[in-house]
């Protein structure tokens, strides 16, 4: 059999290799995906396999930098695959060399389960609708057996359930009822939960609560315009349009996936798991191209729910590791999801059969006005002396849907050298049925008759691979502190002294820190080998992030064990190429036991992280206590954080941006007439805008 595999692999290699993209970090093309899957099929000839993942195995950091900065060889083009083999436990994973079209690495992992794909989820609804035991439970809930086409489910990863462990590839089906296909099912949840074997496509068990609850008889809580007209009589009058125009075109330049904008240059990648990946981020500082970050992405997230009742403890989706921000990404619509002058990037994946599939317009790139960049006026001449510069920001965005929730991710580049991540949470609350005489509290809120929306958290892990002014970086916590010297002392005579206390992390254990609102804690990532000529301090990028709620699940709980990164706002570990995912490579149905992911990387906490290549992981998010205003469709809830330069430049890097208006004191004295660059703004109710 091994000889047959070798022959098949050699036959595949004899065919032409797919064209190689211009940049080694570019995602796999459809031709590369097909070539990779054909190679894997040939290698496993005679076996019944299906594909779960086919994606780029990014070049090693060192190899990439040698190619980019030192004239080294082009890194090999590799595809990473995960497959399932019928009748075999776990997965097989490996690498395909796309130049030789050969499998160069493969291994079997029998005690893990792979990420859930859209194909996996789409089959679940039909499985439960046709299962006799589910039909019986629907009838007991008050739904006629001939209305199973009105029963819907959100297929969730099961998280972990000790009854089955990792032996079967499972989903839990959260079940709902629609009286009409346009209804929102979330106002009519059912009280039982089928467990579905994804590969066998059958229900293997149904979790049934001790107390039974009939399906709600209340009208569905719907939200489309036709429903709102029925509710309130009419929609609001349509507001006059606010048009975004750029008659002279955009100011960014795209070369393949490489972006150049306002002195920034970086590569935009996209994969099945993290979605958008920003790599090789640099800044052209008046001719000196300075590296900032080697790679930035969202590496994991968890949404733990707060009801202690069985089986709600299983509701703690690690959406990035269990579904994939890439797999679940939306095709974006011009003028709706993104507004203005837009450039899109598509995303390419493999289906179970090994054929390429494309999500059109997966990534949106555009510019927006961002208000004032800076302004100063002089009161001495009645504010005639004035400098006003407006800001433009570059936004790289995607939106992905994880069952009921939408996650809108916006990577924002700013003209003062800062990089911001804005996340907007919207979509629909996950709901569970309330009996007529039941109270929701304290673990949830009654947001509609018979509807309980449970308390929950959204916690994200931001992975930062820094290269602040080159290799050899460090990290520190920065806290605002009052002077230790007492009022009236020579060092603090008037009692008003305060300062920034910077604590550099020497070891991994030092870095395990949490946000402190009392001290306005921020974190610096810096290069200790360089010095700002003015401040005498090392060039750094400061992480400013104040939305850092603690993980509320108890230490030792299933939630805490499966998210070993979420117990601290910051975890800094030594760099290794394979340290990508802080809950491990294969997250579904992991019990949280054992040493893997962040738990493995932290170890005993003694490793050095000062003046070396480091990985900086940041946990942030929100705690959500639902309210009726969040239902039936939730207004977008914002989360934001910023990476801003500190001691990186010698002055405000945005001063060379063309101002909107500039009048010096000497010009004001000579009564020089100047007009603003903006010729489109006008007064709302009369005339045109003034000259200033």
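From the backbone N, Cα and C atoms, a Cβ is placed for every residue, glycine too.
Annotated Mn(2+)-binding residues in Swiss-Prot are 613, 614, and among 436, 437, 465, 469 the one listed with them is 465.
Swiss-Prot names 456, 458 as Cu cation ligands; from the candidate set 286, 624, 647, the record adds 624 to that same site. As annotated in Swiss-Prot, 2',4',5'-topaquinone applies, among 81, 405, 410, to 405. Looking at 1-26, 27-52, the range tied to region 'Disordered' in Swiss-Prot is 1-26. According to DSSP, residue 243 (N-linked glycosylation site) is assigned to coil rather than to any helix or strand. Same-chain neighbours of the Cu cation site beyond 456, 458, 624, judged by a C-beta within 8 angstroms of the site's C-beta center, are, in sequence order, 303, 425, 455, 457, 621, 622, 623. Under the three-state DSSP scheme, residue 338 (disulfide bond) falls in the strand class. Take the CB of residue 456 (Cu cation binding site) and look out to 10 A: across all protein chains shown you find 25 other CB atoms. Surrounding the centroid of the Cβ atoms of 465, 613, 614, where the record places Mn(2+), the chain contributes additional residues within 8 Å, namely 61, 294, 466, 467, 473, 574, 575, 612, 615, 616. Residue 614 (Mn(2+) binding site) counts 23 other C-beta atoms within 10 Å of its own C-beta, drawing on all protein chains shown.
Distance between Cα atoms for residue 465 (Mn(2+) binding site) and residue 624 (Cu cation binding site): 30 Å, as a whole number.
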